[in-house]
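Colleague: Not my notes, these are from Swiss-Prot:
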BINDING   Q45, Y46, R47, E48, K49, N77, T116, K145  4-amino-2-methyl-5-(diphosphooxymethyl)pyrimidine binding site
BINDING   D78, D97  Mg(2+) binding site
Amino acid sequence: MTKEGKLKLFSTYTIYGMTAEKFSNGRSNIEVVKVMLDSGIKIIQYREKYKSLKEKYKECLEIRKLTEDYEALLIVNDHADLCQMVGADGVHLGQEDLPADEVRKLLGDKFIIGVTTHTKDQVLKAKEDGADYVGLGPVFASFTKDNPHPPIGLEMVKWAAENSPLPFVAIGGIKEHNLKEVLASGARCICAVTEIVGADDIRKKIESLFKILKSFERS
């Protein structure tokens, strides 16, 4: 798949999957990713804050193989070096990570670069720095990070839907019960981290989320 083809995924009504072993009720990242892929998720971000770099490398290699088998994308959180080493499709950078323009010099044009954003200025700066997409959030209160940013709210989602120069992934506190609000505000690609990884039945939860997404796609 070309880079252009990969980036089209970020503008469709779809789920951006993300690992979060801390919230996975004893299930490993590998187990969860297998279910995500088997349930139709085509973008996986490997995010792991509590393991050594060597452990992350080993897991990433295994997840890369899985994503290739399912013709899905692998985005590595934070680590441009790990992204290169495992042959991932791209890297996702936080506001405290290396600047996107410098990472672009390191990785070249073929890799996807995403940037976490909370404000209009950060979205515009990400475009200026050569990012390919942004993560926009947290839309609602979220507890997956140690020091979470205050919720940006649905008004920011509406602004991004109308004005963002880049595709965006709505993230943060998104649940099955509020997903329709997020989509009605203009989001298409969404990430519901704990709603998925913490579900008793991950496959069933993903099916429910996709059902809502498809209802908006048809409307």
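Going from the start of the chain as shown, residues are counted 1 onward.
Every residue gets a Cβ built from N, Cα and C, even glycine.
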Colleague: Given T116 (4-amino-2-methyl-5-(diphosphooxymethyl)pyrimidine binding site) and D78 (Mg(2+) binding site), what distance in Å do their CA atoms have, once rounded to a whole number?
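Modeller: That comes out at 10 Å between the alpha carbons.
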Colleague: Can you grab the distance from N77 (4-amino-2-methyl-5-(diphosphooxymethyl)pyrimidine binding site) over to D97 (Mg(2+) binding site)? Cα atoms, rounded to a whole Å.
Modeller: 10
Colleague: Test of understanding: give the count of other CB atoms lying within 10 angstroms of the CB of D97 (Mg(2+) binding site).
Modeller: 17
Colleague: Can you name the residues of this chain that are 6 or more positions from E48 (4-amino-2-methyl-5-(diphosphooxymethyl)pyrimidine binding site) yet have a C-beta less than 8 Å from its C-beta?
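Modeller: In sequence order, T19, E21, N29, E55, K56, E59, N77 meet the Cβ cut-off.
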